[in-house]
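S.K.: Quick one: the structure is below, and I'll ask about it shortly.
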Amino acid sequence: MLSFMKIRRNPTRPVTIGSITIGDGHPIAVQSMTATKTQNIDATVEQAEALHARGAGVVRIAVDSDKDAEALAEIRKQTQANLAVDLQENFRLAEKVAPHVDKIRYNPGHLYHHARELTWQEKVRYLIDTAGSNNCAVRIGVNCGSVDPAKKEKYDHDDSITPMLESALEHCELVDSLGFHNFVVSLKDSDPSKVVQVNTLFAEKRPDVALHLGVTEAGMPPDGIIKTRIAFEQLIGKGIGDTVRVSLTLPNPRKPEEIDAGKQIVEDIHAGRVRSVVKFDDSKLNIISCPSCSRVENEAFIDLAAKVKEMTTFAQEYSITIAVMGCRVNGPGETDDADLGLWCGPAKVNLKRGPEALGAFGYDEILPKLKQELDDLIAAKQ
């Protein structure tokens, strides 16, 4: 955690996450997420401890199965880090992991895949009851690539802000009505300007709710750090934000660099070293890529993201977005809005043009296919 020069902060409610408290004027906590396979207990403990030692206030771990939950119980015994669990579709795993973590993160857009006979309100009640009985904080994590489908259908396809905002506010209202207040909200997009917009709107309507800031799929450094800095400087500079994560596409041994980047940005803001006069140029090539986590099924994803960046330098002057995602959980949905999208499986990389699937190709075949599609896009723009 960081505490430097006094800056104005929104009067958010305090949220206790293990040994730290965020909100209510407490120092902004920097956090990260393990990228090792959760069932590889030794590797996950090693990475959690490395992040904790570097200054992570919270370390998040993905759990997608009963075996992951069993591994998490052992991981808890071997690390001093404050642990958050990342639940995707299988909300019922909350009961198995809650005794071993300090925070539960759920995504409102992922509550529709399991137990469809239950309403989303019933599922949230279950999550909140479980968190409360185990003294866990909760993060309501709204993401641009997996927004509540009922909310997306109400608005124009180009309006990604309103569905996210409505979903977050609706979930806050329900959780408050259940008498639970130890929660934080995140609203993330890969476009830093949208991150600023949606978090500003949320803070205007719910200045009492603590906010976790982040630019999702920010990509590789230094670009990913620049995108994140643009959003953080504008938000934290006006009092918005209680905890942050810098999501970077990095090899596993370099994950602690996310903590370094987050601490540096927050320290610079506190010291008045603001650089947002350098704006993110969305009229040029934009490559977004996820920061990797335990759901990545082939670590060649990291190398592929770097090769895509290198191969596409010739297209820098074109307004084209290419998304490179590491798993089948988030990849299919979070590449829909890109001009060209790649999401990686264990042996194949799935290529898309917008929401249209173009096929699955080997890791050694995908770059020529991507180059062909990119050439076609550029030709169409000329």
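Note that Cβ sites are derived from N, Cα and C of the backbone, with glycine treated the same way.
OK, Swiss-Prot features for this one:
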type	residues	note
BINDING	Cys290, Cys293, Cys327, Glu334	[4Fe-4S] cluster binding site
S.K.: What's the number of neighbouring CB atoms sitting within 10 A of the CB on Cys290 ([4Fe-4S] cluster binding site)?
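M.R.: By my count, 29.
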S.K.: What is the number of other Cβ atoms found within 10 Å of the Cβ of Cys327 ([4Fe-4S] cluster binding site)?
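M.R.: Result for Cys327 ([4Fe-4S] cluster binding site): 24 neighbouring Cβ atoms inside 10 Å.
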S.K.: Going along the chain, which residues six or more apart from Cys293 ([4Fe-4S] cluster binding site) have their CB under 8 A from its CB?
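M.R.: The list for Cys293 ([4Fe-4S] cluster binding site) reads Met33, Thr34, Ala35, Ala62, Asp86, Gly326, Cys327, given in order along the sequence.
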S.K.: Once the chains shown are all counted, how many other Cβ atoms turn up within 10 Å of the Cβ of Glu334 ([4Fe-4S] cluster binding site)?
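M.R.: Excluding its own Cβ, the number within 10 Å is 23.
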